[in-house]
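Colleague: After the structure tokens below, expect a handful of questions from me.
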Amino acid sequence: MSRSDPFSHICVHASVSNRFDRRIDAEAAIGNTRRETRAAAPRNRGTMGRMANSSRMTSFQRREQLIAVGRALFASKGFEAASVEEIAANAKVSKPIVYEHFGGKEGLYAVIVDREMRALTDTLAAALSDQDAHPRRIVERAALALLTYIEEHTEGFQVLVRDSPSTDPAGSFSSLLGDVSIRVEDLLTAAFKRQKLPVRGVPYYAQMLVGMTVFTGQYWADRRKVSKEQLAAYIVDLAWHGLSRLSPKPELRFESEKARREEAKRAAREEREAAKAGVDTDSDDVDVDAGSDARRDEARVPEETDEGRGEAEPDGEASHDDTAGDD
């Protein structure tokens with residue numbers, strides 16, 4: 001074949017093109033075979049399997065899953081005892097996934113606490129929104145609102161009342177209760193003014209009501225032997241009968257300093273009265289004893305007879321003669 005033959009160039013080019021096309025077809029066939037093999041093979045249950053599983057969730061879905069897993073672990077074990085390894089294992093992901101979404105255990109915990117606190121705050125705010133409602137209705141609504149949150153967010157409530165990182169005291173459950181107490185304080189202040197009661201003790205009454213409800217609810221969360229409504233009735237009964245019978249100037253009846261001073265004065269007065277009564281009794285006893293001795297002496301004086309003085313017979317002998325005479 002001559003180099004100058006144009007037909008030869010066409011044949012060579014066609015031959016090269018055919019070989020290139022066959023190579024592409026072969027590589028495509030190999031790729032299809034590999035994909036079919038991977039699809040037919042069982043998935044690895046180790047780290048690669050978890051990564052394959054994680055790829056099926058969107059970022060939002062994965063985040064929500066980690067929040068649910070973390071909430072359950074923090075509720076059952078507390079913040080300190082739970083670990084990133086355990087969170088990842090329960091979510092069936094690798095540790096880097098947890099760090100990618102939250103930066104670590106602290107970040108996940110902060111998100112959970114923030115979410116639960118907002119849920120509780122919204123629930124209580126709705127219950128305490130009507131300042132013109134009857135005070136008892138306000139107390140009932142507040143108790144039911146908190147118990148409803150505990151019933152519907154049991155794990156979240158356990159997270160709030162369990163141990164928390166000491167690095168974030170502002171986000172603690174106690175700070176939330178402080179905010180709730182301030183809200184209750186505002187409502188009680190208005191009610192006290194309507195009843196013409198002094199408002200000096202209102203902040204403490206608010207803390208009492210919130211604390212009583214919270215810790216009773218915590219006890220009920222672990223021992224639900226009564227219904228939510230029944231427990232709310234118990235709380236309201238104790239709180240309301242106390243609030244409806246408040247003294248304008250409450251004081252301790254037995255254990256205050258004033259009560260102890262009054263008790264000391266009363267004891268001293270009784271002691272003086274007893275001492276005075278004892279002196280009078282001793283004087284009367286002396287007079288009575290003297291009269292008795294005089295009578296006994298008179299009984300022993302010899303009686304005068306016609307024959308002169310004689311001695312009185314002993315009582316025993318006289319009794320004997322009298323008895324004999326009777327016989």
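Glycine residues also receive a Cβ, built from the backbone N, Cα and C atoms like all the rest.
All annotation found in TrEMBL is predicted automatically rather than curated by experts.
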Colleague: If you look at how TrEMBL annotates this chain, which of 63-82, 83-102, 223-242 comes out as DNA-binding region?
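Modeller: From TrEMBL, the annotated DNA-binding region range turns out to be 83-102.
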Colleague: Average pLDDT across the domain 'HTH tetR-type' (60-120)?
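Modeller: Mean pLDDT, the domain 'HTH tetR-type' (60-120): 94.
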